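Trainee: Here's a structure for you.
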Amino acid sequence: MLASSALVLLMTPGLAFFYGGMVRAKNVLNMIMMSIGAMGLIGVLWSLFGFSMAFGDNKLGLIGNPAQFFGLKGLIGPNSADAVKDAAGNVTTQAVNIPLSGTIPMTVFVAFQLMFAIITVALISGAVADRLKFGAWLLFAGIWATVVYFPVAHWVFDFDVKDPEGNLVHAGGWIANHLEAIDFAGGTAVHINAGAAGLALVLVLGKRKGWPKTPFRPHNLPFVMLGAGLLWFGWFGFNAGSAVSANGAAGSTFITTTFATCAAMLGWLLVERMRDGKATSLGAASGIVAGLVAITPSCSSVNVLGALAIGAVAGVACALAVGLKFRFGFDDSLDVVGVHLVGGIVGTLMVGLFLTPESPAARSGLFANTKGLFYGGGFDQLWRQAVGAAAVLVFSFVAALIIALIVKFTIGLRAGDEAESVGMDESEHAETAYDLAAVGSTARTAVKEA
């Protein structure tokens with residue numbers, strides 16, 4: 001689980017490369033800093049009250065008690081009857097029970113879930129590339145994580161815990177336990193959540209200078225491909241690691257994640273080929289991410305054929321959806337809405353179609369004997385998935401819209417026209433990614449010496 005946590009953390013630098021390569025050269029450092037900044041900010045908030053809000057006790061299934069584990073108090077040492085003991089029977093650390101798996105130390109679970117919080121916030125930044133002030137980004141990210149992500153993580157990822165007699169000893173979130181929508185690794189809590197927030201932030205922030213008439217081409221496609229590769233690699237910790245054990249569920253999610261991603265890449269390239277006449281490297285990288293997004297909620301619920309279908313549909317749907325910003329006039333710079341919001345919706349809904357009774361999810365206690373529409377289960381699971389997706393989408397969008405307006409009318413969201421023209425790297429960080437003057441000076445010196 002610690003290895004899986006490290007893999008998920010690697011996704012954020014991978015995302016930084018992915019986004020950094022897609023912007024113009026004068027904005028690459030700023031784009032990378034948005035992801036790296038999220039790592040520091042969310043790490044601090046998670047240690048203080050974020051974990052407690054996501055996984056603390058509650059009464060209504062809406063939010064955990066932020067004071068229960070403030071500063072992670074009580075999670076290390078002999079603090080709970082539900083604890084891990086050494087060979088001598090001494091309590092060593094508090095533990096957490098996970099469906100499909102058993103028990104792991106709570107400290108390991110804290111680390112694993114932290115990485116989810118970080119990557120979710122970082123995903124939003126792609127929507128606002130080239131024009132959002134760095135300080136405004138950090139303020140928005142901190143408030144949004146507190147008001148939106150931590151509660152939504154509680155809704156989706158925090159499961160009820162009962163004692164051997166069946167008495168409830170810990171009440172989890174409403175989507176997982178009352179609605180019983182299946183989201184194994186974050187289709188709603190991560191991708192729909194981030195995509196909806198990105199859309200709201202874009203609407204408040206406004207369009208880039210010159211968009212859509214001015215072309216905004218990626219400046220470094222190898223960066224994009226490297227980022228996509230790191231994301232794919234780290235995503236195995238994201239999905240398979242969510243089984244929280246080296247078991248059959250982890251193996252199943254690893255396989256379905258792989259095949260869905262492959263199918264999505266081909267689906268995206270097919271759309272490009274039919275629409276534009278060429279299949280591009282940017283399309284391949286985007287298709288990879290679309291497939292990873294779509295299989296995230298369903299990776300423990302479907303078989304290989306279901307994974308291939310979900311990936312193919314997501315690849316095609318997301319490739320078409322990225323064009324919606326031109327039709328409706330919202331400047332989603334790096335297609336967070338088209339890939340993460342749309343991909344998250346596709347993957348979440350298709351659980352209700354392809355959920356198989358032989359899958360790890362359908363064999364667990366909470367979701368035992370559930371079936372998708374295509375396996376004789378009717379519309380029961382499909383409507384649960386739709387309600388869960390809609391609830392997260394609406395809550396995140398409305399909350400992000402309000403937060404963005406607050407930031408706009410206090411410290412301001414947008415960099416000025418001059419800063420945007422010069423580039424966010426120089427205007428926000430007083431740096432450039434490529435010191436071309438130094439390269440030219442070195443070249444001239446070499447010529448003189450020769």
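A Cβ is built for glycine as well, from the same backbone N, Cα and C atoms used for every other residue.
Per TrEMBL, the features are:
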DOMAIN    1-434  domain 'Ammonium transporter AmtB-like'
TRANSMEM  6-25  transmembrane segment
TRANSMEM  32-55  transmembrane segment
TRANSMEM  108-129  transmembrane segment
TRANSMEM  136-157  transmembrane segment
TRANSMEM  184-206  transmembrane segment
TRANSMEM  218-238  transmembrane segment
TRANSMEM  250-270  transmembrane segment
TRANSMEM  282-298  transmembrane segment
TRANSMEM  304-324  transmembrane segment
TRANSMEM  336-355  transmembrane segment
TRANSMEM  386-407  transmembrane segment
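Describe the structural context of each listed feature in the structure shown, including burial, neighbouring residues and relevant distances.
Mentor: Sequence-distant contacts of the transmembrane segment (6-25) (same chain, at least 6 residues past either end, Cβ-Cβ under 8 Å): 31-32, 34-36, 38-39, 112, 115-116, 118-119, 122-123, 125-126, 129-130, 216-231, 233-238, 241, 282, 285, 289, 333-334, 423, 433-434.
Away from its own ends, the transmembrane segment (108-129) comes close to residues 1-2, 4-5, 8-9, 11-12, 15-16, 19, 22-23, 27, 31, 34-35, 38-39, 41-43, 46, 50-51, 54-55, 72, 75, 96, 98, 137, 141, 144-145, 149-150, 153, 157, 186, 189-191, 193-195, 197-199, 201-202, 205, 237-238, 241, 244, 332-337, 340 of its chain (Cβ-Cβ under 8 Å, at least six residues beyond either end).
Note on the transmembrane segment (136-157): residues 34, 37-38, 41-42, 45, 49-50, 53-55, 58, 61-64, 113, 116-117, 120-121, 124-125, 128, 172-176, 183, 186, 188-189, 193, 197, 201, 388, 391-392, 395-396, 399-400, 403-404, 406-407, 411-414 of its chain, located 6 or more positions outside it, place their CB under 8 angstroms from a CB of the stretch.
Long-range neighbours of the transmembrane segment (304-324) within the same chain, counting only residues 6 or more positions beyond its ends whose Cβ lies under 8 Å from a Cβ of the stretch, are 255-257, 259-272, 283, 286-287, 290-291, 293-295, 298, 335, 337-339, 342-343, 346-347, 350, 353-354, 356.
Using a Cβ-Cβ cut-off under 8 Å and counting only residues 6 or more beyond its ends in the same chain, the transmembrane segment (336-355) has close neighbours at 123-124, 126-127, 181-183, 187-188, 190-192, 194-196, 198-199, 202, 286, 289-291, 293-298, 301-303, 306, 309-310, 313-314, 317-318, 321-325, 330, 361-362, 370-375, 377, 379, 381-386, 388-389, 393.
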Trainee: Are there residues at least 6 beyond the ends of the transmembrane segment (218-238) whose Cβ is under 8 Å from a Cβ of it, and what are they?
Mentor: 3-11, 13-25, 28, 115-116, 119, 185-186, 254, 257, 261, 281-282, 284-286, 288-289, 292, 296
Trainee: Give residue numbers and ranges for long-range contacts of the transmembrane segment (32-55): same chain, 6 or more residues beyond its ends, CB-CB under 8 A.
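Mentor: Residues 9, 12-13, 15-17, 19-20, 63-72, 96, 109-110, 113-114, 117-118, 121-122, 125, 132, 134, 137-138, 141-142, 145-146, 150-151, 153-154, 157-158, 428-429 contact the transmembrane segment (32-55) from elsewhere in the chain.
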